[in-house]
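Enquirer: Okay, handing you the structure first.
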Amino acid sequence: MMAAGPRTSLLLAFALLCLPWTQMVGAFPAMSLSGLFANAVLRAQHLHQLAADTFKEFERTYIPEGQRYSIQNTQVAFCFSETIPAPTGKNEAQQKSDLELLRISLLLIQSWLGPLQFLSRVFSNSLVFGTSDRVYEKLKDLEEGILALMRELEDGTPRAGQILKQTYDKFDTNMRSDDALLKNYGLLSCFRKDLHKTETYLRVMKCRRFGEASCAF
């Protein structure tokens with residue numbers, strides 16, 4: 001469960017998170033680039049927190065503590081997004097251009113749209129995962145934000161984005177099966193890792209462009 005501090009911050013940002021990108025970009029065409037980056041970072045941070053909380057609760061509920069380390073070192077925990085030539089941390093991300101980081105972020109986001117569309121069905125009977133029903137919509141919203149940033153940086157004429165031919169498998173709804181539990185555990189682990197990458201890339205770009213004093217992360 002999230003601590004009071006992060007929960008309060010998320011509540012304060014609720015109005016901003018609920019505002020669609022189409023409204024922000026269309027109704028407020030004079031929005032600055034810094035504003036677009038700030039909104040994208042906020043959305044990525046929120047999604048990463050949801051992914052991390054869901055993973056931790058799933059792990060606590062279904063995976064015995066003595067098995068967690070060994071599972072994380074098996075093929076179950078392999079994320080196919082690791083085959084994308086993506087930076088693995090802040091230092092590597094700083095070597096990439098903003099457009100490169102945006103394109104990689106878009107690939108990561110799009111690889112999850114299919115699986116997460118049905119996430120709520122997997123955890124429909126569990127109060128622990130009450131936020132899962134809106135994860136897909138939030139992910140689509142972040143995708144729109146990244147596309148908006150790409151349009152701004154490419155002078156309104158973005159090149160055709162690369163689409164991953166392979167995406168993650170769907171979550172398994174048979175929660176009584178050990179194989180299904182391991183599969184879902186691995187997927188949630190990968191989702192958390194990919195959202196962490198996306199948040200890191202967006203924060204690097206925002207800090208690099210606008211030189212904020214609070215760029216340490």
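A Cβ is built for glycine as well, from the same backbone N, Cα and C atoms used for every other residue.
For 1-27, the entry in Swiss-Prot reads signal peptide. Swiss-Prot lists H46, E199 with the feature Zn(2+) binding site, giving similarity to another entry as the kind of evidence. Taken from Swiss-Prot, the feature disulfide bond applies to C79-C190, C207-C215, supported by similarity to another entry. Annotated phosphoserine per Swiss-Prot: S132, in sequence order.
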Enquirer: Between E199 (Zn(2+) binding site) and C190 (disulfide bond), what is the CA-CA distance rounded to a whole number of Å?
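Expert: Cα-Cα distance, E199 (Zn(2+) binding site) to C190 (disulfide bond): 14 Å.
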Enquirer: Rounded to a whole angstrom, what is the C-alpha distance between H46 (Zn(2+) binding site) and C190 (disulfide bond)?
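Expert: About 17 Å separates the two Cα atoms.
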Enquirer: Given C207 (disulfide bond) and C190 (disulfide bond), what distance in Å do their CA atoms have, once rounded to a whole number?
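Expert: It is 26 Å, counting Cα to Cα.
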Enquirer: Measure from the Cβ of C190 (disulfide bond) and count the other Cβ atoms within 10 Å, all protein chains considered.
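Expert: Within a 10 Å radius of the Cβ of C190 (disulfide bond) lie 23 other Cβ atoms.
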